Amino acid sequence: MCRINSDSKAVQNQSPIPNEPAAPVDCCGGLNNVDYSKMDFTLMEEFLRHINFYDTSFCVALIAIIFNPFFWNLVARWEHRTRRLSGLFGSPFLACYCLGFIIILLNVLRSHSMTVAMKAQPRWEAMDRMDVFYVGTALIIVGTVLVVSSFLALGFTGTFLGDYFGILLDEKVTVFPFNIMENPMYWGSTANYLGLALIGASPVGLILAATVAAAYKVAIQFEGPFTAQIYRERSQRRKHE
């Protein structure tokens, strides 16, 4: 009987103390012990409440944003491989001008569809402030400078994939704005759309501007190496001549 009592006391001594605080939860695999269950997502929820992802105008704008770079890369690579457009128009310059005109029309359609989508969905009071308006205006000014200066530095054929038509530049363009960043026309265009979203206090505009940036980022991954390959091939041909 005595041995049973001693064993019972030993078990009681090993039981956890009721008032002892629980060890901190290692949430999300050890990311600095951040417990996301205690984070405040009120602002994000409020942001998402102003967006209707099923709205027709929003879906049209998304399709236009994704389609444009896909289209011009597909057509330009096909032309580089087959020279069909140059043969059809009788000149690589005329073929490039035609594709450039189509790209301009597609970009106008994209801008229009994004504007319609932003007008179709509500403004957000948290963004409807003068400081946000001024930031948006500054982004549009910077974006316009980048786009226009890029076009002036490259020319029409340089801007609209003339490399793929065999219309190559003599040397790499290094004047402004190419001396401060790569692909300034793409990022200038993105800045314009972001600026419009801020001026319009439009949450859906922010989503669309982010989609433009993502679409351009993907396009750059395809265009950059392919364009470099075109110029390497020209250098090799010149060495053998």
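Indices start at 1 and increase along the chain as displayed.
Positions of Cβ are set from backbone N, Cα and C atoms, glycine also.
Per TrEMBL, topological domain 'Lumenal' is recorded for 1-55, 77-88, 158-200. If you look up TrEMBL, you'll see 53-72, 92-111, 132-156, 193-216 marked as transmembrane segment. Per TrEMBL, intramembrane segment is recorded for 56-76. Residues or ranges marked as topological domain 'Cytoplasmic' by TrEMBL: 110-136, 222-241. According to TrEMBL, the feature S-adenosyl-L-methionine binding site maps to Ile141, Val142, Gly143, Glu223, Gly224.
Structural mapping of features recorded in TrEMBL.
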residue: Ile141; record: S-adenosyl-L-methionine binding site; contacts (Cβ under 8 Å, 6+ apart): none
residue: Val142; record: S-adenosyl-L-methionine binding site; contacts (Cβ under 8 Å, 6+ apart): Gly188, Ala191
residue: Gly143; record: S-adenosyl-L-methionine binding site; contacts (Cβ under 8 Å, 6+ apart): Trp187, Gly188, Ser189, Thr190, Ala191, Asn192, Leu194, Gly195
residue: Glu223; record: S-adenosyl-L-methionine binding site; contacts (Cβ under 8 Å, 6+ apart): Asn73
residue: Gly224; record: S-adenosyl-L-methionine binding site; contacts (Cβ under 8 Å, 6+ apart): none
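For the topological domain 'Cytoplasmic' (222-241), DSSP puts the residue distribution at 19 helix, 0 strand, 1 coil. Spanning the listed S-adenosyl-L-methionine site, residues Ile141, Val142, Gly143, Glu223, Gly224 have a farthest Cα to Cα distance of 26 Å.
Residues 95, 98-99, 164-166, 226, 230 of the same chain lie 6 or more positions beyond the ends of the topological domain 'Lumenal' (77-88) yet place their CB under 8 Å from a CB of it.
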